[in-house]
């Protein structure tokens, strides 16, 4: 045995290396699977042991597929021989060793997962697991050649393909209609020009599913649809009706109440029979022909209705000034129908004669209505301006009514110049015991001065310049007509006279005791009255007073009581006092007392009338005392009533 430096390693035996966990030379390695227990508890059944082993195998295959450790040996010599290569359309090889190994592992894992689901229904396969692409298919032949009049394809597809989609959803299968007639004529096929799959076969429905149960279920529904289309007519096919209704709903043309059957409590109330009643005369609803208020256009009209309508139409046109006055207006049988006559008036006494007609041509127009150049006041000044012109002053009167006085030429309602004026336009007769008017007083003006310029046919009195217009007097207050122009005395009145005429009919009071002044020289106001009357009688007296003076001066007419040169004035009007003349004495003690107590009171004494302030003075306004006059009771006298026209003399002055 060699010792020392010449010793060889063979002389000393080598030591065995220590085993460590990092040593790669160890052949036995521990496999750790996450989620799997490393210690198996005792007392497991065989099914539990099998489930544990199958789950370990599934986890191992999943790990290999996920990491790509397919177990292919790196040495090509250790590999098995490869089959014939298969290439796709792009020139790539499909059956490589890696592809074949992965496919083999996936099939093995799929088998294990199917077994594990059978052992444990609560088992969940891995997230990357996909079942194999193997599918079960079947064909259902469509007898289109035997029944060409039936649209089987339409029944299977349905509106917008909804029927076919519903079957696929229920059976979890894929249904395709193939064969001859499945594609519409003119529709483009494949882009490469090749035939579609199954195009050369008869018309059929191809059903494909993952399981055979789903395929059988889909095939059964397709056969039921084909049988219903063959045995049931189209108008009685419920499936066809439902498809048409669904198509209308999709197109927006569905009527919900077409096939709706209402229950008794949902039905609407019955309509009223009145709404269904139709009139045979006018065609309206809601009434019968006997209750109809309208007449047919062809119904004959009575002569009385025609005459009444013609009369109303002519009256309307006459008021508008477009037609002559109807014949009934000019008749002398009764008073004319005018807007003024239509106003309500108090009834006249039965003893009074009826007023003459407005349009009568047998009598002449009274002279006081004829205006001439010899009068003191011209026509336009009397009426407050020319026709259509402005008023002449603050006391000017409005225009007369065209329908009564003919203010507008050519109007059908013009007054006849040869006939008498209407009753309210006639002047009152002069009193029996009074003299003529002074130059400043011309008596009551005609009624046409008091009527405003109103439209024709309106029948309404308007207010002119803030002054109330006076309507015509009542029939009971009408003054008697003027005396006739002949020499015969006027007839006595047949009716009751107004109070102021009754007072005039009384005999004049006895003259005062004779004295030198009374017998030789008259009083100042009497001198002025006599002189004025005499001078006015020559040419300044109004025409209507001239006519009365001529009638009084005729030899055949009896002389009136009193001064023959005096023309009587209306009651309540006295001539004005001359300038500088003393005022007349009071008529009595009672009159003096009433003057002191109420200066504006009414006294019917001739001397008291001279003290009444004129209308244009600063005295109290009497605008509201035009008509009717109030009754005034004085001591020792009867109640008197002033005539309605006495208030106008102050205005005219």
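Just so you know, glycine gets a Cβ as well, placed from its N, Cα and C.
The following features are taken from Swiss-Prot:
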- 1-44: region 'Disordered' (REGION)
- 14: phosphoserine (MOD_RES)
- 15-19: motif 'Nuclear localization signal' (MOTIF)
- 20: phosphoserine (MOD_RES)
- 65-94: region 'Disordered' (REGION)
- 80: phosphoserine (MOD_RES)
- 82: phosphoserine (MOD_RES)
- 89: phosphoserine (MOD_RES)
- 141-222: domain 'KH' (DOMAIN)
- 325-584: region 'Disordered' (REGION)
- 335-350: compositional bias 'Low complexity' (COMPBIAS)
- 382-394: compositional bias 'Gly residues' (COMPBIAS)
- 418-447: compositional bias 'Pro residues' (COMPBIAS)
- 470-499: compositional bias 'Pro residues' (COMPBIAS)
- 515-534: compositional bias 'Low complexity' (COMPBIAS)
- 567-584: compositional bias 'Pro residues' (COMPBIAS)
- 611-653: region 'Disordered' (REGION)
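Neighbour density for residue 80 (phosphoserine): within 10 A of its CB lie 8 other CB atoms from the protein chains shown. In three-state terms derived from DSSP, residue 20 (phosphoserine) belongs to neither a helical nor a strand segment and is classed as coil.
Between the C-alpha atoms of residue 20 (phosphoserine) and residue 80 (phosphoserine), the distance comes to 36 Å. The average per-residue pLDDT of the prediction over the domain 'KH' (141-222) is 87, rounded to a whole number. Cβ neighbour count within 10 Å across all protein chains ranks 82 highest among the modified residues 20, 82, 89.
Residue pair residue 80 (phosphoserine) / residue 89 (phosphoserine) shows a Cα separation of 27 Å. Taking only the Cα positions, the spacing between residue 89 (phosphoserine) and residue 82 (phosphoserine) is 21 angstrom.
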